[in-house]
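Okay, so here's the structure we're looking at.
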């Protein structure tokens, strides 16, 4: 009986929650957003426009990196960037 109550409580706590992820946001062509000049303000705004918690310019790759993106928002995969292909 205790396991059943625990299971019900666990289901109620997770119902309706949307997962969040971190990563490089992309358009449909798998191209990430460049941030020349290490513009953290640009990346933070871009990420927040995509409903992320925050973002910054990752200087090693010169790309915007977001924290807390919604699961439905596409992020960079291991494939190559294909400009113009949506």
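A Cβ is built for glycine as well, from the same backbone N, Cα and C atoms used for every other residue.
What Swiss-Prot says about this protein:
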SIGNAL    1-19  signal peptide
DOMAIN    21-82  domain 'LCN-type CS-alpha/beta'
DISULFID  31-81  disulfide bond
DISULFID  35-57  disulfide bond
DISULFID  43-64  disulfide bond
DISULFID  47-66  disulfide bond
MOD_RES   83  proline amide
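Annotated features taken from Swiss-Prot, shown on the structure.
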residue: 31; record: disulfide bond; DSSP (3 states): coil
residue: 43; record: disulfide bond; DSSP (3 states): helix
residue: 57; record: disulfide bond; DSSP (3 states): strand
residue: 64; record: disulfide bond; DSSP (3 states): strand
residue: 81; record: disulfide bond; DSSP (3 states): coil
Given the disulfide-bonded residues 35, 47, 66, which one's Cα is the least distant from that of the residue listed as 'proline amide'? 35
How far is it from residue 43 (disulfide bond) to residue 57 (disulfide bond), counting Cα to Cα, in Å? 6
So how many other Cβ atoms are close to residue 66 (disulfide bond), meaning within 10 Å of its Cβ? 26
Between residue 31 (disulfide bond) and residue 64 (disulfide bond), what C-alpha distance do you get in Å? 11
Whole-number Å value for how far residue 57 (disulfide bond) lies from residue 64 (disulfide bond) (Cα to Cα): 5
Nearest to residue 81 (disulfide bond) in three-dimensional space, by Cα, is which of the disulfide-bonded residues 35, 47, 57, 66? 35
Around residue 57 (disulfide bond), which residues of its chain at least 6 apart sit with Cβ under 8 Å of its Cβ? 35, 38, 39, 40, 42, 43, 63, 64, 65
Report the same-chain neighbours of residue 47 (disulfide bond): residues 6+ apart in sequence with Cβ closer than 8 Å to its Cβ, ordered by sequence. 25, 53, 54, 55, 64, 66, 67, 69
Hey, which of the disulfide-bonded residues 31, 35, 81 is the loneliest by Cβ count within 10 Å? 81
